[in-house]
Amino acid sequence: MAATAATTFSLSSSSSTSAAASKALKQSPKPSALNLGFLGSSSTIKACRSLKAARVLPSGANGGGSALSAQMVSAPSINTPSATTFDFDSSVFKKEKVTLSGHDEYIVRGGRNLFPLLPDAFKGIKQIGVIGWGSQAPAQAQNLKDSLTEAKSDVVVKIGLRKGSNSFAEARAAGFSEENGTLGDMWETISGSDLVLLLISDSAQADNYEKVFSHMKPNSILGLSHGFLLGHLQSLGQDFPKNISVIAVCPKGMGPSVRRLYVQGKEVNGAGINSSFAVHQDVDGRATDVALGWSIALGSPFTFATTLEQEYKSDIFGERGILLGAVHGIVECLFRRYTESGMSEDLAYKNTVECITGVISKTISTKGMLALYNSLSEEGKKDFQAAYSASYYPSMDILYECYEDVASGSEIRSVVLAGRRFYEKEGLPAFPMGKIDQTRMWKVGEKVRSVRPAGDLGPLYPFTAGVYVALMMAQIEILRKKGHSYSEIINESVIEAVDSLNPFMHARGVSFMVDNCSTTARLGSRKWAPRFDYILSQQALVAVDNGAPINQDLISNFLSDPVHEAIGVCAQLRPSVDISVTADADFVRPELRQA
């Protein structure tokens, strides 16, 4: 394939880059012409909008207020971030332009037919060091090894672990060994690798990054699957060494999903988990092709561009929101409501967890949120609207706070400190993460699943659908207002939820979903799930019980939101097979496997 011009990106200028990479970066904003979901008017936004919490005073009350009283007001003096086009060039892979609700973006479509191009993408790389063995590392290492073998490449994939790590046995069982040079000490592996994939936990990265940098060869490439380390460095006023390239490939799903869909798709071209990629520093012009090669080798159906900063903000936020924390809060809240209203426990579980992880997820994945709404009866639509109207702003209240905690570095600091509390220190005991599926609700779930017919997607309960979709749409709006691209918004708010994560809760409950994820995700889900549970119980459900009128503007804007068109385009790029997750799955974390 003929080489193109020097690699360029049209990315946000907020990311720090090396001098070499800075020359290749250019910002390419595209004027926004979207109805952003709050007020239904013309598609051209003539006045920017902002949130205002208006105080609603009940008769006889002296004051009060809540997220329910939030409303949109005209604020022409405030600049709304214009949409940014993420463009790039590759000398190896073909990019495609997709239009998402009026915004042009560029992707690389994956597939096993592209594996023969991997040797060109990894030119100059003799060893890929995969450091760690948590959620992502086992999946990525095995996928890389299998893809490179199929491509007849002589690039070595080597696992690097701490001396004495219990994960050595797991890595050996997956086909890596000291004898053939594919398994060893992490520091020796880092020193000997041309591409270092740092897939240890985020808190471990924060505590060990200086030693990692010191062991890397000049002109080698640091690969990340999360922008967390950049956020940590920014909080300290530090940056990456200038003599290495820094890239990221971030699968939009937990590690077990990355491996499972790759294996399922061996007979079907194009199965895997979508990924974003970023080039933060490029010291020799190879970074883009290496990043895209990495993503293709993982089996990503499509790969879209972002920045490390945009990635960590959307990812850390998303997993605390609809992906993990918020959905946990929703089902706990609604299970209590339904049982307290006289519904049987079995039916309440079906109308919450089974409903969301089954028919709701399946419909959104293949047809979108509008199709879900339109499948309801007229009475069902009324219940959906009541739940949606009451839940949207309370959900946005917590989501807004969460995003700002992530963007400010507060949530990153919380993760680092939590990781240090896993061990005894300062005379205080260790506090590892506890279990999250031991309450009555999740025991009921075990019983429901034990008699569930194969392939049963559960009932479609309109009220549950209204709450879930309201939170999903509120998350989309936060990310949209914060300037994220549609491909990132949809993957972090919709696709990852319904195609990667919810199937695990459907198979074996909330812990099976949450605890197969990264440490950062597991911590965030535990921290924020109770916040969503609380605000929905205290504000949304109370409003419904008090007969609060349905906000017809919210419903109208949901029905006409441009995100539906963008989701429709992305649905055409979904994996070629649906993930198959069973309760006895052997591709999950060892501690979560059934005996």
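Placement of Cβ uses the backbone N, Cα and C atoms for every residue, glycine included.
Quantities reported herein were computed from a predicted structural model and do not represent experimental measurements.
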Additional site residue, D289, D315, D346 [criterion: listed by Swiss-Prot with E492, E496 for Mg(2+) 2]: D315
DSSP-assigned states of the domain 'KARI C-terminal knotted 1' (307-455) in counts, ordered helix, strand, coil: 109 helix, 2 strand, 38 coil
Residues that sit under 8 angstroms from G132 (NADP(+) binding site) by C-beta distance, when 6+ apart in the chain: G160, L161, M186, L198, L199, I200, S201, A204
Most Cβ neighbours inside 10 Å, all chains, among the binding-site residues S135, Q205: S135
Candidates N166, S518: member of the binding-site residues with the richest Cβ shell (10 Å): S518
Neighbours of D202 (NADP(+) binding site) among the recorded positions H226, D315, E319, E496, S518 (Cα to Cα, within 10 Å): H226, S518
Spatial neighbours of E492 (Mg(2+) 2 binding site), counting only the binding-site residues G129, N166, S518 and Cα distances within 10 Å: none
Residue counts (helix, strand, coil, in that order) that DSSP gives for the domain 'KARI C-terminal knotted 2' (456-592): 96 helix, 0 strand, 41 coil
